[in-house]
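Here's the structure we're looking at; comments come further down.
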Amino acid sequence: MDNGSGSQKEEITADRTASETTISRTDTLAHDQELGLSQKRWHTTDFGFIPIPKRLRYHPDQPPFHFGLLLNASFGFASTFVVANLYYCQPLLIQLSESFNVSYDEISKVPTLVQAGYAAGLLLISPLGDLVRRRQLILLIVLFSTTLSIPLAVTSSLTVFLAFSFLVGFVSVTPQVLLPLAADLAPAHKRASALSVVFAGLLFGVLIARVFAGIIAQFTSWRVVYYLAIGLQTVVLIGSWALLPDFPAKNQGTGMTYQRILWTMGKYAVTEPVLIQACLVNMGSSASFSAFWVTLTFLLGGDPYNYSTLVIGLFGLVGMFGVAMGPFVGKAIDALPAYYASLVGCIALIIFQVVQVVGNGISIAAVIIAVLGLDIFRQMLQTSLASNIFSIAPEARARLNAVYILSLFIGQVTGTSAGTYVFIHYGWRACALMTLGFAIWQIVILLLRGPGLDRSDSVRGKRWIGWNGTGLERKLNASDITEKEGKSESGNVRPEGVDTKINNDLEQGITATDSDSRRS
């Protein structure tokens, strides 16, 4: 009995010792992990030699950055005066043809090359937001777009002007890096509002570029327009250095490469029904919007209005007022599930398209109402669609956005060419009916796949067409939960995925220690 009792005590003592050893090893590993993280050298410079302001440096132990009004507005400002690079040339084509002594047909290559460069940048540069540090990426491409604009202002060679027009378009994709970054930084309950400011900046850029270029070229040389562009982009560059917070690259430690980034971007474009639906709707919306604005000049310059070029230009100011409503549109989207905000936008766009089909050419009031309504609800649709696709994969938002914006670009090209052709051959009314047809296309595509459909990891398991009867209830409940979680963040956020790897390393290390102790 004594021998048995003694051996039991020895076993108990050994078990306790093993247990204490396991706990000690686990605590030690966790401590070592935390010590390693605290001693890790986080970036203090951009490109190894430009100091990052201390308040903008990333460290996991510091409070998260506050995504407030100033930072959000700076995103919109940068979007406005970088995307404007694509549109400065459009009102200047006559002056450019005279300056370079070439035909209109020859000088028309300028806007084509700028847009072609922009499309290439969308495909090849903007997806890098999922691979590299975004502060450095933004600083680099803004620096390039600024310096590459210098030859446009000084050259006397059309060949040089054409080449640098393509290059400037190629690097003018800063807004497409800022959009997914805004989605990462903004609290969940304010995400649509943040996106709406960046989208408003994009539309402001389109309108302001044409207004500035037209006015400046009227009173002085077209070269002054490009000197202004250089100055404004320099302000964007300095502001980006002073305001953009630094974060580690997304998808670090996952083995992601540039080639894989491009491959997965193409994969998302054909396997994600939410993204494909958003792109098809966006193409119709963009085509309708572009066709309307391109042919509006012809409408207002002919019978029965016969307005001067100056008066026609003032309609751009009406459009700017509609764009300025963007933040209010974003708040409305935040209050609704994204799908239903898109549905409201589609219905409203059809209504305002009907107004311009019936009233344009009869009353100028109809034109003004159509301009305001189409601008406001175009933003609502564009922002709600973007908010929806960004929920597909937070770690791939730059790639998802690249595909989405590319669809917008395709819609713009389609709407511009089709609108011009239909107007010239069949008149304004036929063109208005065409834009109404594009609006009907949007809502048909949206209604084909309703909300509430369960997602699956396999392509075959995803539901591409149909509705779920409980979709609205589920969406509303999910929206309520997201809003509560978002409000608890109080605007202080880190981009999704930044701290995940740190936490996973700790958990995996502790789990591995437990497994080792059990085997021993």
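Positions of Cβ are set from backbone N, Cα and C atoms, glycine also.
Annotated features in TrEMBL:
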type     : residues : note
COMPBIAS : 8-18     : compositional bias 'Basic and acidic residues'
COMPBIAS : 478-488  : compositional bias 'Basic and acidic residues'
COMPBIAS : 505-514  : compositional bias 'Polar residues'
DOMAIN   : 69-454   : domain 'Major facilitator superfamily (MFS) profile'
REGION   : 1-25     : region 'Disordered'
REGION   : 478-520  : region 'Disordered'
TRANSMEM : 65-87    : transmembrane segment
TRANSMEM : 107-125  : transmembrane segment
TRANSMEM : 137-154  : transmembrane segment
TRANSMEM : 160-182  : transmembrane segment
TRANSMEM : 194-219  : transmembrane segment
TRANSMEM : 225-244  : transmembrane segment
TRANSMEM : 274-301  : transmembrane segment
TRANSMEM : 307-329  : transmembrane segment
TRANSMEM : 336-355  : transmembrane segment
TRANSMEM : 361-381  : transmembrane segment
TRANSMEM : 402-424  : transmembrane segment
TRANSMEM : 430-448  : transmembrane segment
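Between the transmembrane segment (274-301) and the transmembrane segment (402-424), three or more CB pairs separated by 6 or more residues in sequence fall under 8 Å, so the two stretches touch. Under 8 Å from some Cβ of the transmembrane segment (65-87) lie the Cβ atoms of residues 56, 114-115, 118, 138, 142, 145, 149, 168-169, 172, 174-175, 178, 181-182, 185-187, 194, 197-198, 200-202, 204-206, 208-210, 212-213, 229, 232-233, 235-236, 239-240, 243-245, 491-494, all in the same chain and six or more residues away from its ends. Across the domain 'Major facilitator superfamily (MFS) profile' (69-454), the model assigns an average pLDDT of 89.
Against the transmembrane segment (336-355), stretch 361-381 shows more Cβ pairs under 8 Å than any other of 307-329, 361-381, 430-448. Here the transmembrane segment (402-424) touches the transmembrane segment (430-448). Their Cβ atoms form 3 or more pairs under 8 Å, with each pair 6 or more residues apart.
In this chain, the transmembrane segment (430-448) does not touch the transmembrane segment (194-219); fewer than three CB pairs sit within less than 8 A of each other, excluding pairs fewer than 6 residues apart.
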